[in-house]
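Student: Straight from TrEMBL, here's the annotation block:
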type	residues	note
COMPBIAS	707-729	compositional bias 'Polar residues'
DOMAIN	113-693	domain 'Major facilitator superfamily (MFS) profile'
DOMAIN	506-562	domain 'Kazal-like'
REGION	698-729	region 'Disordered'
TRANSMEM	113-132	transmembrane segment
TRANSMEM	152-173	transmembrane segment
TRANSMEM	180-200	transmembrane segment
TRANSMEM	236-260	transmembrane segment
TRANSMEM	272-298	transmembrane segment
TRANSMEM	318-339	transmembrane segment
TRANSMEM	392-412	transmembrane segment
TRANSMEM	432-453	transmembrane segment
TRANSMEM	465-483	transmembrane segment
TRANSMEM	584-606	transmembrane segment
TRANSMEM	618-639	transmembrane segment
TRANSMEM	671-694	transmembrane segment
Amino acid sequence: MEMPQNLSGENGFPFAQALVFSSPPAPVENGLSFDTPSPKDACDTPLSNGTLYSGASSPSDSCTKPLCDAALEEKAQYGEGIKYVSAEEEELACGWGAFTPGCLQFFNTPKGILFFLCVASFLQGMTVNGFINTVITSIERRFDLRSYQSGLIASSYDIAACICLTFVSYFGGNGHKPRWLGWGVLVMGLGSLLFALPHFTTGRYEVRFSEDVGVCPSNQSLACTEAVSSLTNYRFVFMLGQFLHGIGATPLYTLGVTYLDENVKTNYSPVYIAVFYTAAILGPAAGYLVGGMFLNIYTEIGREIDITPENTLWVGAWWIGFLGAGAASLLISIPILGYPHRLPGSQRYTVMRVSEAHQLKDGSHKKASDPDFGKTVKDLPRSVLLLLKNPTFIFLCLAGATEATLIAGMSTFGPKFLESQFSLSASEAATFFGYLVVPAGGGGTFLGGFLVNKFKLRCSGIIKLCLLCTVSSLLAIFIFFIHCPNMPMAGVTQMYEGSALPGGRLNLSAACNAECGCLRQTYSPVCGRDGVMYYSPCHAGCKVSRNLRSGKKVYSECSCIAESHHPGEAEAGKCTSSCAKRPLLLFFMFVVILFTFLSSIPALTATLRCVPDRQRSFALGIQWIVVRTLGGIPGPIAFGSMIDKSCLLWQDQCGEQGSCYVYQNSAMSRYTLIAGLVYKVLGTAFFMVSCLLYKPPPAESAPASSGTSENGNCDLQENKPSLQTEEDE
């Protein structure tokens, strides 16, 4: 088909020559092809409402210069292409109210809005999925919070999103999307600033410690107090901050996606969305790295302290990242608020768009084509009913929920899995996992959108691609059959003499540390020169401690560590693992993450394609509700409960069970395999059913005057007057 050439880039449109009407322009409901075999012949062609049209270089002389002359002049200057820009250019200008400077119009393109949305999604991912997960331990320590309280803080984001999704996606989808997006990013920034507020409203963090805590004999007494610290009330401030994060991010992944989809070619839409989501995946990786760097700075900046970040009493500067992210979100919301309700030239893509919506037997899907549908609250039940009657949409939502469960579970417990299998510290495991997720998650997300664009897949082909990716990751997940052996730990995995524990029961006491009076509450693992790990220096019978120039702490005169018939030495920290299966495990974990994220953008694209155009924003909102309620929220809980079954050593908090210190690696791999298989099999089944039940529009419903759009079809309606088109291929 001979396409109008875009003279200012692929998706950018200048404001030189407008397509205007001799009478007030009426919307062309059934589409209009802009391709003409001859500009001269086009002059006498009526629009679908029967009126002749004319064009001019500006609205002021639109009545004196016919479109034919303008087209012929432009043809002589630019060749065969004809440039078309909406007559409503004053309404489609980028700016705030009447302030629309010309320099801003350079950004009034799909690439411009993509840049700002990518920055917003990057900040959201860095804050919610990066900083929060990184600093949660420091917040617990600083404000005396228990694990379930910090869990409520984390889940407040998803709760807020679920509450707002229906309202935002329904009314925002039919409203001014950039304004919803801009205000959302602004609210998200306020949430970040509020999250950092408790640091400035509390007193200084005072550390009470002794250099010889944990050394034999243990003369330290840790009293169990029932008094609840007043600092715990700050959890409500953190929950409110997370609630604002959830409210602000809601438009980003519903209205932001549909705004991109509406303003670019159908073929390019998956690539734009993939870039957008890749930025959202790189955000958490940056959050882990930057947040970890800030945690190496003491929370009271400028104050000298004798302890190091390795000390269990250390609290890092957890609040710096939230201040920076909050300020950046406030700034980035300003340009987003200045964008028009649609970009210049986007109507061309709307005209050429081919509906791939699932065809319902009763034909009720045609209701969504009504221009007035969805503009009032009374249409909300009908909108929900239309989506519930769409089996392809329903099963795509369920498949997305199973994938979200795996992603949420792996992102939460992936570092813990690496920490246990390879005997790493928590910070090392988090950094290691970040390096694994960035190429696999980010690369898979972008590659998924690229493949849809490269092969110009239709809705049915996209679902088949999702099915292929899910089956591939299902096969790769069998790698969890293998595992790394546990490092030997005295009293936990073996007896102090080296023999196996009878019945797997813990016994941290032995003759060598019987006189030390070691406390169970003080967990500070050390690695003896004999290659065995001990619960604490006291449990190893160590009596003297000293610091090396390298910063490592070394304990000597350890009665439980036999070294040439005299007490041996131990070094602070876990023993390093030399597991030969590490490369194999990491490679197949990479494959699982890659193919899981590879299906994310195709699945999102299939969701946009299988519903009517006017329901896309609302459909994404409903899908996010299903994904969060069935996947994102229960995912970490399901994985956590499975992994907790493999715990060998629990924290003892004054007789109450706390978090898990040591896991049995074989059981952890086995339970991870079971959970992964269950959700991957369900995801495969849901994608398969959605593919089988999908009913595309019949071929005869294609327009009578059939040119080819970028998808190979034309979106003109039957029996309506339109400009003749030609195929150039």
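Using N, Cα and C of the backbone, Cβ positions are placed for all residues, glycine too.
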Student: Between the transmembrane segment (180-200) and the transmembrane segment (318-339), are there three or more CB pairs that fall under 8 A, provided the residues in each pair are separated by 6 or more in sequence?
Tutor: yes
Student: With pairs 6 or more apart in sequence, are the transmembrane segment (113-132) and the transmembrane segment (618-639) linked by at least 3 Cβ pairs under 8 Å?
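Tutor: Judged by the Cβ rule, the two regions do not touch, with the required three close pairs absent.
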Student: State, in range form, which of 180-200, 236-260, 272-298, 392-412, 584-606 has the highest count of Cβ pairs under 8 Å to the transmembrane segment (152-173).
Tutor: 236-260
Student: With Cβ-Cβ distances below 8 Å as the criterion, list the same-chain residues six or more beyond the ends of the transmembrane segment (272-298) that contact it, or say none.
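Tutor: Here the qualifying positions are 110, 114, 117-119, 121-127, 129-131, 133-135, 138, 253, 256-257, 260-261, 264, 305, 309, 314-318, 320-321, 411, 427, 430-431, 433-434, 437-438, 441-442, 445-450, 597, 600-601, 604-605.
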Student: How about long-range neighbours of the transmembrane segment (618-639): same chain, 6 or more residues beyond its ends, C-beta under 8 Å?
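Tutor: The answer is 155, 158-159, 161-162, 165-166, 168-170, 173, 250, 253-254, 257-258, 374, 383-384, 387, 393, 396-398, 400-410, 412-413, 604, 607-608, 611, 672, 675.
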Student: Which residues of the chain, 6 or more past the ends of the transmembrane segment (465-483), have a CB below 8 A from one of its CBs?
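Tutor: Result: 399, 403, 421, 448, 451-452, 457, 581, 584-585, 588-589, 591-592, 594-596, 598-599, 602-603, 606, 665-666, 668-670, 672-673, 676-677, 680-681, 683-684, 687-688, 691.
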Student: In the same chain, which residue numbers or ranges, 6 or more beyond the ends of the transmembrane segment (236-260), come under 8 angstroms Cβ to Cβ?
Tutor: 110, 113-114, 117, 120-121, 124, 127-128, 132, 139, 152-154, 156-161, 164-165, 168-169, 172-173, 177-178, 180-181, 183-192, 194-195, 197-198, 269, 272-273, 276, 280, 322, 329, 604, 608, 616-617, 620-621, 624
Student: Grab the same-chain neighbours of the transmembrane segment (671-694) for me: Cβ-Cβ under 8 Å, and only residues 6 or more beyond its ends, written as numbers and ranges.
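Tutor: Apart from its flanks, the transmembrane segment (671-694) reaches 358, 391-392, 394-396, 398-399, 402-403, 405-406, 409, 417, 459-460, 463-464, 466-467, 470-471, 473-474, 477-478, 480-481, 592, 603, 606, 610, 638-639, 642-643, 645-646.
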Student: Where does the mean pLDDT land for the domain 'Kazal-like' (506-562)?
Tutor: 83
